[in-house]
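Novice: Take this structure first; my questions come after.
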Amino acid sequence: MFNRIFLFLLTNLAVLMLAGIVMSLLGVNPAQMSGLLVMAAIFGFGGSFISLLLSKFMAKRSTGAQVITEPRTPTERWLLETVRRHAQAAGIGMPEVAVYDGPEINAFATGANRNDALVAVSTGLLQNMDQDEAEAVLGHEIAHVANGDMVTMALLQGVLNTFVIVLARVVGGIIDSALSGNREGGRGFAYYIIVFALEMVFGLFATMIAMWFSRRREFRADAGGAQLAGRSKMIAALERLSLNHGQNTLPSQVQAFGISGGVGEGLRRLFLSHPPLTERIAALRAASGSAM
């Protein structure tokens with residue numbers, strides 16, 4: 001975890017330094033630029049990491065997930081035993097296991113680190129999947145935890161937030177100066193309107209980047225689930241999802257780490273956290289064929 005954080009911070013620092021050089025060549029005041037970079041990094045990473053640290057609490061609160069402390073039914077006992085087996089195989093600490101009330105077939109994982117995670121499944125999943133399929137879904141979620149996807153996505157979001165804040169203000173300042181004829185850095189009311197509009201536009205592009213990365217992580221989590229539970233079980237689980245694919249009612253902060261995502265065509269696909277189920281199934285089958 002700490003190696004990943006160090007690498008992301010180092011990368012972010014290098015890119016921000018490059019941005020500072022470029023902006024200085026464009027005539028942006030270096031003193032103002034330094035303050036802007038610091039402010040952007042604080043707000044960009046601050047919000048992202050606060051969300052990460054509160055992710056388990058917010059997920060439980062928003063879904064009404066009930067953590068299983070003492071199993072009361074054979075199903076709850078099986079859930080705990082399966083998650084424990086997958087966690088041991090993946091080399092991570094035992095996550096909390098919870099069930100939340102929801103008709104859709106879904107599950108999610110969240111948490112600030114690999115050894116303090118939460119894995120939750122919907123009642124719809126327990127009612128509509130057999131144990132082999134559910135085992136594969138749990139393997140998929142454990143793979144998310146083992147791969148450190150929650151931390152990685154928080155770091156990526158921090159980098160993107162930082163760039164949105166910086167670029168919106170730098171470009172907004174240049175546009176405002178050009179429109180007003182003021183080259184001394186004065187700020188009129190129009191500047192704040194321009195910055196707000198640019199943050200919306202750049203934010204859309206940042207979301208596309210984050211969702212593209214999330215889709216890549218889904219393929220990797222599918223492969224991890226196949227390794228933990230078996231490739232045929234993982235394929236069967238995804239096929240079951242494709243037959244019972246409904247609206248994703250998970251809260252936005254955990255949708256990226258669920259087993260099931262939304263459906264969309266055209267531009268909408270750019271904002272999906274999950275690849276189409278057909279592509280995920282095809283990837284698993286292709287990997288199975290190449291391994292033979």
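Residue numbers in this text run from 1 along the chain shown.
Note: Cβ is positioned from N, Cα and C throughout, glycine not excepted.
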Novice: Of the residues E70, E76, E218, only one is listed by Swiss-Prot in the Zn(2+) site with H140, H144. Which is it?
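Specialist: Answer per Swiss-Prot: E218.
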Novice: Hey, how far is E218 (Zn(2+) binding site) from E141 (active site), Cα to Cα, in Å?
Specialist: 10
Novice: Can you tell me how many other Cβ atoms are located within 10 Å of the Cβ belonging to E141 (active site)?
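Specialist: Around E141 (active site), other Cβ atoms within 10 Å: 27.
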